[in-house]
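Participant: Please see the structure below; I have some questions.
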Amino acid sequence: MTRSGAGPTLVLVLAVAVLVGCGVILLLERSLTRILLGVVMLGNGVNLLILLGGRSGGAPIVGTGPVERMSDPLPQAMVLTSIVITFGFTAFLLAVAYRSWYLSGDDEVPDDLEDRQIIRQAGRNEAGAVDFGGEGPNGDPEQVDPEPARRRLRHGDES
Amino acid sequence: MRTLVPLPVVVPLLGAALTLLLAGKPRIQRAISVLCLSGTLTVAVLLLVQAYRHGPVVVAVGGWPAPVGIVLVADQLAALMLVVSSAVTLCVLLYSIGQGQSDTSESSPVSIFHPTYLVLTAGVTNAFLAGDLFNLFVGFEILLAASFVLITLGGTETRIRTGSTYVVVSILSSMIFLTSVGLVYAATGTLNLAQLAQRLDDLPDGVRLALELMLLLAFAIKAAVFPLSAWLPDSYPTAPAPVTAVFAGLLTKVGVYAIIRTETLLFPGGRAHILLMVVAGLTMVIGILGAVAQSDLKRLFSFTLVSHIGYMIFGVALSTAAGLAGAIFYVVHHITIQTTLFLVAGLVEERAGSTDLRRIGGLARVAPLLGVLFFIPAMNLAGVPPFSGFLGKLGLLQAGVAAGGPLPGVLVAAGTLTSLLTLYVASRVWNIAFWRAPRLATSEPVVQLPRLMVGATVALVALGLALTVLAGPLFDVTADAAADLRLRTPYVRAVLPGGVP
């Protein structure tokens, strides 16, 4: 992985493995708080992994030492960008988790409504009645009256 | 001409800053957004003409020459995608402005809508123009961050519920993309796409395949290819209509665009094409079977969206010039048509108060124009001749037959079946929502659809018809783009005129 001097330390590789592993396990949870922790760990693991991709060595400033002993500056620049991006995403996910807790009392990610409905129908072995819509106005037992149009009165309309 | 290349990214970003500053003045805000996107569209058309006549337009941002600095490249594929995406975003913007003016809008776009929407556009254009793997990643992140805000707009309970799925899945796919960027750099020491094209060829087969699969995995999540598509029908339908429309039209296609780049420029002739073909077939069939089972208009369209991604992946997986040309044509067609259908679903919601097929009926009688606006793109999507959907599918199926072999044969059959089932789904919606007798129990006066909303939808339907009429010249452009993509040398030579270092 490196061509000169200090290779990637085993500690760093292990840190990546542990962070990514724990992150993935946490991501598989249902609660958004745990998913958030998973995203943080996974993100940091991936950032460390990028750092491992370049040569390690001295500070990459011309004049401070021989060029072949310098570290590769590009992964460090990329890591800076990706740290910012991970940070922003973490903040947004935190906001979503908080909003979810605020609105529904917990921060679990529930199953999709329609999916559950279709599973129920399949369990009872029925087809959607919507396909049997008849011709007349009352031909379809499931057709519901359209909701009254949502109207918002404009200023001045009252008079 | 070179100075034009960064404009599609810079102009929307500047517009986003301006509209954010002018949050209190909606009228100026709207004017700025419309101006920015019209400007982007003009620049995109100019770039396409230039790329078609004289080859890729390259600009080194920051002045450093290619392998060191970051380049933006507008080759024919990128320029074509730019033109379509900016035309579609402009129409959707006009639609959303119209929705904001309507009497009934429960979701009148808040002041944050315009800046976020412009940032989303900048992300999309940046992803198309990126000549650098990391810049492509940044483009994806820009559009994702903006899409997070748009999909949870208003912060209601449903939107947070569905938005959280979307956010988590998108973050996961970004992580996979980032990991593969890191690994590609570790393996080759560069991220410039043109230079990667050379260096990846020299890698051992196993490493190459691993990198290719990592990138494909990340892009396939974004493009909603079958085993990785379950997030899409859950999360798209609850967002406001214009947001869903632009997401459905563009965001998945950015993933498809990235897959096309990966498969042509970075890993041509890789071993992944059999895998791609299998998932393409599964995406088509399973997606459309999902659409058959749905009873909500927006969810139904989300499933047809997933299903028709399969056609594009099929074209890419064929890895022949004809297949690639068909796939690019299909991307252009599908961006337009799928966006139109979601806009029509928004109009239906505005008019009938719901998109649930159990609730609506008889719209063709009470709103004939709406019926026409639905019918044309729906038939176009299903691939009824003479529309562009038919031409695109025909091109792809012909390429599949020409490729020969059992697997392409199976895919041609799957494609035909999907097309027929799409026709079934479209006519089912037509029968239930538009044709059956209406129940007019309410005495409420009917809702007048805002003219701007209808106008924007009409414009997109007209664009879809224009794609049909101009299919010949368009196919010339896509065939040319596909030939260039297969050759790779035009791209590499334009980016690195002094040869590969």
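Each Cβ is built from the backbone N, Cα and C atoms, and glycine gets one as well.
According to TrEMBL, the record shows the following:
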- B:6-24: transmembrane segment (TRANSMEM)
- B:31-52: transmembrane segment (TRANSMEM)
- B:77-98: transmembrane segment (TRANSMEM)
- B:110-130: transmembrane segment (TRANSMEM)
- B:130-422: domain 'NADH:quinone oxidoreductase/Mrp antiporter transmembrane' (DOMAIN)
- B:136-154: transmembrane segment (TRANSMEM)
- B:207-232: transmembrane segment (TRANSMEM)
- B:239-260: transmembrane segment (TRANSMEM)
- B:272-293: transmembrane segment (TRANSMEM)
- B:300-321: transmembrane segment (TRANSMEM)
- B:327-348: transmembrane segment (TRANSMEM)
- B:369-387: transmembrane segment (TRANSMEM)
- B:407-431: transmembrane segment (TRANSMEM)
Participant: Any chance the transmembrane segment (B:110-130) and the transmembrane segment (B:6-24) have 3 or more Cβ pairs under 8 A, given the pairs are 6 or more apart in sequence?
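Facilitator: Yes, these stretches are in contact.
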Participant: Go through the chain and flag residues at least 6 beyond the ends of the transmembrane segment (B:327-348) whose CB is under 8 A from any CB in it; none is fine as an answer.
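Facilitator: 77, 80-81, 84-85, 87-88, 91-92, 95, 99, 240-242, 244-246, 248-250, 253, 256-257, 260, 297-298, 301, 304-305, 308, 311-316, 355, 360, 363, 370, 373-374, 377-378, 380-381, 388-389, 391-393, 395-396, 433, 449, 453-454, 456-457, 460-461, 463-464, 467, 471, 474-475, 478, 481-482.
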Participant: For the transmembrane segment (B:272-293), give me same-chain residues lying six or more residues beyond its boundaries with a C-beta closer than 8 angstroms to one of its C-beta atoms, as numbers and ranges.
Facilitator: 209, 212-213, 216, 220, 225-227, 229, 233, 263, 300-301, 303-311, 313-314, 316-319, 407-408, 410-411, 414-415, 417-418, 421-422, 424-425, 428
Participant: Any chance the transmembrane segment (B:207-232) and the transmembrane segment (B:77-98) are in contact, meaning at least three CB pairs closer than 8 A with a sequence separation of 6+?
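Facilitator: Judged by the Cβ rule, the two regions do not touch, with the required three close pairs absent.
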Participant: In terms of Cβ proximity under 8 Å, which residues at least six beyond the ends of the transmembrane segment (B:239-260) contact it?
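Facilitator: For the transmembrane segment (B:239-260), the far contacts come to 77, 81, 85, 88-89, 92-93, 95-96, 99, 107, 109, 117, 120, 124, 127-128, 136, 139-140, 143, 147, 150-151, 153-154, 159, 162-163, 215-216, 219-224, 232, 298, 301-302, 305, 309, 312-313, 316, 324, 327-328, 331, 334-336, 338-340, 342-343, 345-347, 349-350, 485.
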